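As given in TrEMBL:
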REGION    1-41  region 'Disordered'
COMPBIAS  1-11  compositional bias 'Low complexity'
COMPBIAS  17-34  compositional bias 'Basic and acidic residues'
TRANSMEM  49-79  transmembrane segment
DOMAIN    53-492  domain 'Major facilitator superfamily (MFS) profile'
TRANSMEM  120-138  transmembrane segment
TRANSMEM  144-165  transmembrane segment
TRANSMEM  177-194  transmembrane segment
TRANSMEM  206-229  transmembrane segment
TRANSMEM  335-358  transmembrane segment
TRANSMEM  364-386  transmembrane segment
TRANSMEM  398-426  transmembrane segment
TRANSMEM  463-488  transmembrane segment
Amino acid sequence: MADAGAAANGGRNKYAVLDRSEEREPDAGTEGRRRPSAPESERRRRERFVYACAVFASLNAILLGYDVGVMSGAIIYIQKDLHITEFQQEILVGCLSVVSLLGSLSGGRTSDAIGRKWTMGLGAIVFQMGAAIMTFAPSFTVLMIGRLLAGVGIGFGAMVSGVYIAEISPAGARGTLTSLPEICINIGILLGYVSNYAFSGLSEHINWRIMLGVGILPSVFIGFALFVIPESPRWLMMEKRVSEARAVLLQISESEAEVEERLAEIEEAAGLMKSMKSEDKEVWRELLNPSPAVRRMLYAGCGIQLFQQITGIDATVYYSPTIFKDAGIKSDQELLAATVAVGFTKTVFILVAIFLIDKVGRKPLLYVSTIGMTICLFLLGVALTMQKHAVGLMSPRVGIDLAIFAVCGSVAFFSIGMGPICWVLSSEVFPLRLRAQGSALGQVGGRVSSGLVSMSFLSMARAISVAGMFFVFAAISTISVLFVYFCVPETKGKTLEQIEMMFESGDEWGGGEIELEDTQHLIPSNKMSLPLG
């Protein structure tokens, strides 16, 4: 349709800005030297600008990661200072995941109304209010009020940042850029663990307050970022602000030709052209009464959010001190030092995933991730069981080391696939008209699952033991392997509009085979010709 539109306009896209210099007859000396793309230095400048926008948008994810990491250690001292019960600990830890769904739900509509970047700013302001209240909370009730506000702010930011990055990213780098929020979550978790360890030596009345208060700092940087990053060009097109969308695309595209091509694609996807049959259909009605294509999108986009959480990652991160205590570590400082190792491992392997996601593809990494997590979760259950029931048969140090290895292995495999690819898929599988609400719906499922796991972990562990909980998580992780096989298509290298057409046609289903060229990226080139056996 873009070609037809260009032909109707004499070979020009109708959004092209006429430049009088283009109307002159080219002379023989310059015609042969013209190139369709910008000079190399200009191309690199535009790439750096896109990466900067993606990094700034990902700062919201640091808030989520820091809160997850810091609460795992702060809860030890909150319990001692405010004398809260085990049930109150579960509510305090898990409620943030549940209440953040309010931010996710309202974030979809808000981002469609006021834009993607200002929705991120609103989420940062709400989080700052919540963090300030928690820092000075004199009681459990006030602490919960701050926690609820912080959760709403995190929900806003977590939903919209992935959508924004997907909408400004070129197809070839979208996997890398859209997984930046997961990097920032891991950095936030690591910073939370380090904060726990750094301030653990202070008095029990002060240390947890400082731990929580430090979380305000990333939201301050988000405020500055709003004056640097542009609005999403796809949102601007939805608002029919075509000239502004074109100006943004000129900042992030390699050439004028690419700008015109992306404008035409976005126009078609946004339903601005009269031939679009679904332009008058209500978004939520379409999501709640989906067509076969939208149903496939929901299976992939929302299903991966669900499996990301019910395989126990938040329980592992939130309650890592409890896990290591059950494994045999005694002192609080040793417990917190072990969690720093977990945070470091998680952060290192997310960086590995970023280099592979657009080379290997989404699906191969998901297979490695889910199978590896299943093995490590099972090993953790075995290690904790041996510590309880094999006393005298092995050194306690062996059980502790095996438990630390299994936890670090589990978060490493999570970070190499299920963690970052969840963000990528949930933001790229939905078409433009459904993207904000569809991503919000996936966030709701993920946050509810996370909250239910976090708020029931201690109670369930008391009933079936901590080891029993990780055998359950291992079983669920096994099911996630089947989910990846049957429900997740490969989206590597496709534009958002091509992905929409893939879902419409139902291509690349029926097991979702991995292409040979994807697996070859995992084999060194100098070994590919070696004979087997």
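Note that Cβ sites are derived from N, Cα and C of the backbone, with glycine treated the same way.
Remember, TrEMBL labels are computer predictions, not curated facts.
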Range from 120-138, 206-229, 335-358, 463-488 with most C-beta pairs under 8 A to the transmembrane segment (49-79): 206-229
In contact by Cβ distance (the transmembrane segment (206-229), the transmembrane segment (463-488); 3 or more pairs under 8 Å): no
Cβ contacts under 8 Å made by the transmembrane segment (206-229) with residues that lie 6+ beyond its boundaries: 52-53, 56-57, 59-60, 62-63, 66-67, 70, 73-74, 77-78, 81, 117-118, 120-121, 124-125, 127-128, 131-132, 134-137, 150, 153, 157, 188, 192, 195-196, 199-200
Intrachain residues whose Cβ lies under 8 Å of the transmembrane segment (120-138), provided they are six or more past its termini: 57, 60, 63, 103, 107, 110, 114, 145-157, 160-161, 164, 209-210, 212-213, 215-216, 219-220, 222-223, 226
Stretch in 144-165, 177-194, 398-426 most in contact with the transmembrane segment (335-358), if contact is a CB pair under 8 A: 398-426
